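Per TrEMBL, the features are:
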type	residues	note
DOMAIN	24-493	domain 'Amidase'
ACT_SITE	79	active site, charge relay system
ACT_SITE	154	active site, charge relay system
ACT_SITE	178	active site, acyl-ester intermediate
Ligand code: GLN
């Protein structure tokens, strides 16, 4: 087996036995990236030198018998919205194209403490808004299974680099499905933890009550190990759960006895691709063979998930993104040209004797904000800011935002009720397999429907995972979505492991 094919768990045992060094492993990943990322476009930045230096340092520590972290010497990719001290962090936006954070996010610090080797930063939809990575202002990412197709999004680069075997571990973030949908499109594993399980300190916020950072990998075991390395209480994030973090990697291989699986009747209706449905039903049959009991359940408010999410997420985004104004943060327009244009406008109003026009003119400061934001943000981000500003404005707040919060509560209560009867809820991750690049870019609503099955877990704050569970006749991966009650990631990982022991979907790889 080539080094790039190995899982993190396999690499760790080879590193521990001295069979390979971290420098060799890291170099294998860097070579793989150099060879194939031209076609895939998963990375916005590759940090060759830093990665090799870290790998050499870990090798030295290992040789000297020093204490080593959980991921000692294993290459990891990071979505480019996690602050990395001294390294550009762009959110795939022109707004932050040159932003170098003065500090690292908690998750990055934890990975460094775990002795992981960070090899690069991955492409994404701008500010994590989107489901195809086509909203990136800085590059295109394609699906390694077929480069005419999108990898999903917003963690499209994160999923694509795993599928293309460029790294064994990759960090994503999920506000409404951005870890799980790309995992499903690329045939890898992606877990959105419980809200509060992983610190958001140093994550550039999209919608703060929904955002979660989570692990992506090719196997359940690796996902468990990776989550263990990044999770845990952090006093710097006031929403971080102050609970002990289980050792996920120690329990992942323990099968779940008497598992009760909930099938949501609302999940199998209109809009679901028939081949996706077939794979999901076959996966459920695998669990039945393993002794699980299937229970039909209903989540009656699920149908309001998309509407609720697309009010709450843009509302929070409009508030979070207010800081990018060219003064506090972000791209600033060219001031000399801006002032010249403002002067010309003034002269035109004066020549026309337009008093009102003169009165309504921007001050230079307001014009600087306005123009910097107009230049820095892409169309989808602007759409969200406008939507969110509208739903939060006086007169509409009650009708939209407040109502959405009430529906959010009902969605959560549906889950509370369902989890009295079942242990996990199982269904499709996305309504369809990967789609053609460009096919949904002019239809935002079609793009929003990608999140049909995933947004409710974010609204309820519960953990959810996507694992590969089949292939379409066209050779594209299908993802199985599993949801569990808050703080029960362990249950999802064990269920995923059980499935992977029985099947080989996760071992399939695209030929590049
Ligand atoms: N596709 C969803 C959106 O565009 C989810 C994004 C995410 O989870 N970051 O908002």
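One-based numbering along the chain as shown.
Just so you know, glycine gets a Cβ as well, placed from its N, Cα and C.
Worth saying up front: this structure is predicted, and the values here are computed from it rather than measured.
Overlay of TrEMBL annotations on the structure.
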residue	record	DSSP class
79	active site, charge relay system	strand
154	active site, charge relay system	coil
178	active site, acyl-ester intermediate	coil
- What's the CA-CA gap between residue 154 (active site, charge relay system) and residue 79 (active site, charge relay system) in angstrom, rounded? 10
- To the nearest whole angstrom, what is the C-alpha distance linking the residue listed as 'active site, acyl-ester intermediate' and residue 79 (active site, charge relay system)? 11
- Query: Using a Cβ-Cβ cut-off under 8 angstroms and a sequence gap of six or more, which residues of the chain neighbour residue 79 (active site, charge relay system)?
  - Reply: 121, 122, 124, 155, 157, 158, 170, 171, 172, 173
- Message: Test of understanding: give the count of other CB atoms lying within 10 angstroms of the CB of residue 154 (active site, charge relay system).
- Response: 34
- Message: Counting across all protein chains present, how many other Cβ atoms fall within 10 Å of the Cβ of the residue listed as 'active site, acyl-ester intermediate'?
- Response: 35
- Task: Pop the mean pLDDT for the domain 'Amidase' (24-493) in here, whole number is fine.
- Result: 97
